[in-house]
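In what follows, a structure is listed as structure tokens, so that the remarks can point back to it.
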Amino acid sequence: MARFIFITGGVVSSLGKGLASAALGALLQARGYSVRLRKLDPYLNVDPGTMSPFEHGEVFVTDDGAETDLDLGHYERFTGVPARKTDSISSGRIYTNVLEKERRGDYLGKTIQVIPHVTNEIKDFISIGEDEVDFMLCEIGGTVGDIEGLPFFEAIRQFSQDKPRGQCIFMHLTLLPYIKASGELKTKPTQHSVKELRSIGLAPDILVCRSEGPIPVKEREKLALFCNVRADSVIAAQDLKSIYEAPLAYHREGLDQAVLDAFGIAPAPRPTLDTWEDVADRIYNPEGEVKVAIVGKYTQLEDAYKSIAEALTHGGMANRVKVRIEWVDAELFDKEDATPYLQGFHAILVPGGFGERGTEGKIKAAQYAREHKVPYLGICLGMQMAVIEAARNVAGIEEAGSEEFDHEAGKKRFEPVVYHLKEWVQGNHKVSRSADDDKGGTMRLGAYDAALTEGSKVAEVYGSNAIEERHRHRYEVDIKYREQLEACGLKFTGMSPDGRLPEIVEWTDHPWFIGVQFHPELKSKPFDPHPLFKDFVRAAKDTSRLV
């Protein structure tokens with residue numbers, strides 16, 4: 001049966017609970033334990049699938065089709081354990097489940113209340129698969145004191161009481177602000193945060209304190225005294241140049257040992273950290289640098305493309321180069337020449353997105369990459385924009401566009417080279433959708449197989465003619481234009497197993513120009529870079545030697 005580690009946060013949000021959880025998971029794995037990480041979000045959305053990228057950042061998609069918080073991406077990248085639908089829950093989903101049960105009569109006419117019905121639903125979620133792993137790490141979103149988080153804090157309090165003594169511990173992440181005028185780290189915000197936590201029945205076993213530098217012994221002892229934790233369980237989380245140094249940094253601070261001590265596990269297996277030492281070496285000792293432009297519409301918030309940025313970093317590690325990402329707003333050249341904005345880059349990446357805004361700029365980015373022989377990777381919408389560019393400027397379909405944009409305009413303006421996908425095959429059954437369906441959870445989501453053309457660039461990159469990748473889209477390139485586009489040199493080199501849905505396109509007369517309908521960034525890891533990103537950065541490295 002699993003031991004449970006509950007990770008909470010205080011003082012301010014966005015301190016890095018997800019990264020701390022992921023790094024701890026990696027350290028426990030390095031000692032030979034199996035782990036699973038979960039995220040419990042107090043917001044009332046059922047999932048983040050319909051939330052604005054500016055509001056929430058990236059939506060991370062799992063193999064089984066869940067739309068989840070970007071922290072699950074950190075969990076996967078650090079541990080290599082594929083996340084599942086049962087690893088992410090929100091207040092919205094919890095309340096939906098409770099109300100559905102009430103409507104079915106499952107509660108036998110009782111009055112439905114936060115305690116016990118909502119808290120029981122949360123506890124049931126936490127318990128899923130507890131016999132499968134050695135450690136279950138559960139991160140509670142938000143900060144202590146948030147009203148919407150109270151049912152979750154009460155649920156984990158009850159959960160820890162339901163389990164045998166010593167089976168649950170609590171790790172609290174806080175901020176130690178540094179006051180330059182006095183040259184001091186201030187512990188009072190952390191003390192008050194722990195006081196708030198204790199007032200709702202939770203006592204932290206471990207304090208992880210974010211700070212700009214080391215925590216002096218005096219401050220550690222003060223925190224230990226007033227927060228009622230052991231001094232060696234006060235862990236410094238200093239600012240790092242790379243998130244992938246976090247496992248090594250936390251190990252140096254003794255986080256993994258503090259966790260094992262809290263559970264009374266002794267003697268504990270020694271960790272094997274060779275993988276993370278190699279990752280750190282590749283990050284901090286590159287042999288060159290490449291410049292990659294990400295041409296998108298959410299570039300003001302880099303978290304909107306979190307997995308893409310990390311996958312490029314992984315590709316850089318594999319090629320021993322630093323990838324310098326520059327964020328380019330596609331709207332800047334919607335109506336003008338893209339050359340001044342894109343010249344000098346060693347590669348161009350156009351990511352996914354929704355809506356018409358910025359799409360003309362993305363089409364011009366694809367055109368620039370094609371005409372100037374710059375390596376190009378188009379992901380999801382980025383592939384669709386590359387196809388539309390080819391249709392307009394090479395195949396002679398001047399009005400080529402997407403049905404998505406006609407839908408927004410309310411009238412037909414384009415020839416729909418990209419159309420609204422209403423039917424597809426998932427496993428052994430057909431999935432049907434209509435324009436009247438809810439927006440949430442109705443896209444083509446999760447892992448799907450694709451068959452690659454033998455001898456194609458992508459087959460060479462993957463080293464296989466069969467792949468499985470994660471998807472998140474409701475629009476698709478129309479197969480009826482395949483012959484016309486292939487006659488111009490844009491080959492459809494990846495298809496769904498039934499041959500109906502284009503998955504990959506590539507220009508045969510270009511050094512490296514690939515568009516994919518799926519999201520390869522979601523499966524990339526620092527110790528196992530995705531083949532597409534690995535080869536994309538290699539192509540950028542080759543280009544950098546020519547300019």
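Just so you know, glycine gets a Cβ as well, placed from its N, Cα and C.
With Leu381, Gly382, Met383, Gln384, Glu404, Arg474 listed by Swiss-Prot as binding L-glutamine, the candidate from Gly353, Gly446, Gly499 annotated for that site turns out to be Gly353. Going through Ser13, Ser402, Ser456 against Swiss-Prot, the one listed in the CTP site together with Asp146, Ile147, Glu148, Lys186, Thr187, Lys188, Pro189, Thr190, Gln191, Lys222 turns out to be Ser13. ATP binds Ser14, Leu15, Gly16, Lys17, Gly18, Leu19 as Swiss-Prot records it, and from the list Asp69, Asp71, Asp87 the residue named for this site is Asp71. In sequence order, Ile7, Thr8, Gly9, Asp71, Glu139, Gly141, Leu173 make up the list of same-chain residues 6 or more apart from Lys17 (ATP binding site) whose Cβ falls under 8 Å from its Cβ. With the fewest other C-beta atoms within 10 Å around its C-beta, Glu404 stands out among the binding-site residues Asp71, Glu139, Glu404.
Neighbour counts were taken at the CB atom with a 10 A radius for the binding-site residues Lys186, Lys188, Arg474; the maximum falls on Arg474. In sequence order, Thr187 make up the list of same-chain residues 6 or more apart from Lys222 (UTP binding site) whose Cβ falls under 8 Å from its Cβ. The predicted model assigns the region 'Amidoligase domain' (1-265) a mean pLDDT of 94.
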